[in-house]
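Per TrEMBL, the features are as follows:
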DOMAIN    5-94  domain 'CS'
TRANSMEM  149-169  transmembrane segment
TRANSMEM  189-206  transmembrane segment
TRANSMEM  213-232  transmembrane segment
TRANSMEM  244-264  transmembrane segment
TRANSMEM  285-304  transmembrane segment
TRANSMEM  324-343  transmembrane segment
Amino acid sequence: MAGPSLRPHVHWAQRHRELFLRVDLSDVRNPDITITDNVLHFRAQGHGAKGDNIYEFEIEFLEPVEPKPVCRMTQRQLNITVQKKESNWWERLTKQEKRPLFLAPDFDRWLDESDAEMELKEKEEEKINKMKIESRVPKDPFKHLKKGYLVMYNLVQFLGFSWIFVNMTVRLFILGKSFYDTFHTISDMMYFCQTLALMEIMNSLIGLVKSPLIPSIVQVIFGRNFILFVILGTLEEMQSKPVVFFIFYFWSIIELFRYPYYMLSCIGIEWKPLTWLRYTAWIPLYPLGGLSEAVCIVQSIPIFSETGKFSLGLPNPLNVTIQFPFVLQIYLIALFLGVFVNYRYLYKQRKQHLGPKKRKMK
């Protein structure tokens, strides 16, 4: 059980517009920080000079401040930034002339008034120079047109894959239809969406998006479109197999999160639940989709061997035939390697977008 409340060591510094308070508490828990009637009230559980305890203090500021402090917690300390209502230099922090014992200058951030004025001028000059540089950069007259195109592209793809997902879900789980007619009922829309996906290569080629060109080509042409157009589209024997359902279903679920995420990003909107789904749903869905594609290839190899379709016979005297089933075996190895490489890439993206950040509260 925690003992009586204590005062932590607090260090302070100022600029013309801001006050900085550094509270020497580590492992801070349940902080309660408010400003009422120009008085800052602090109370928190943490580890300070007197061990793990409840620490609290109050500071009545010399002049009016904004009532909403900004706090950032690290493992070793808690930093509080308070905005002054008027930009000027204070002769001291507190209204009382005698400095409280728990309060001391923060020499790591301390500046006298002349140094602070110099810093303020440098920031203003830097801001002015930045504005001048930005004004010299020619504006893209087609910026809004490009943005509108990307929004419409992602919207159309989202609607297309949504139709696929809803149609497959209703047919299987509500109407009780079988797996075997998936291709004949869904393929037209899947052909449309995957053909339209070729625009992603063009978008990368002309610089509309930041995606690298080569991975886009590999993923669109030698990935899904190879499975859809070459394996499923040319072999009627494959079109009635249950694996088609799982391939289409996993593809559609992934795109239900990816395309709306990119659509909102085009107009500068971030919806956190959607961001989390965009960078989390692939963890089970991506390997399941890759496994379904691998099963599809394995099932198609005997059919291609029997029919000889796409096998290439070279002219004599070589008398050599490049068997398409052998190409599929190589493709199968590349598929698993691609899944591994993409899994690492997507994991890095997930850490970048959803990784731990410094805690911030107002």
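Positions of Cβ are set from backbone N, Cα and C atoms, glycine also.
In TrEMBL, annotation is done automatically, which means it is predicted and not curated.
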The domain 'CS' (5-94) - residue tally per DSSP class, helix then strand then coil: 0 helix, 57 strand, 33 coil
Listed stretch, out of 149-169, 189-206, 324-343, that has the most CB pairs under 8 angstroms to the transmembrane segment (244-264): 149-169
Near the transmembrane segment (149-169) in space but 6 or more residues beyond its ends, with Cβ under 8 Å, are 182, 185-186, 189-190, 192-193, 196-197, 199, 203, 208-209, 245, 248-249, 251-253, 255-256, 259-260, 262-263, 266-267
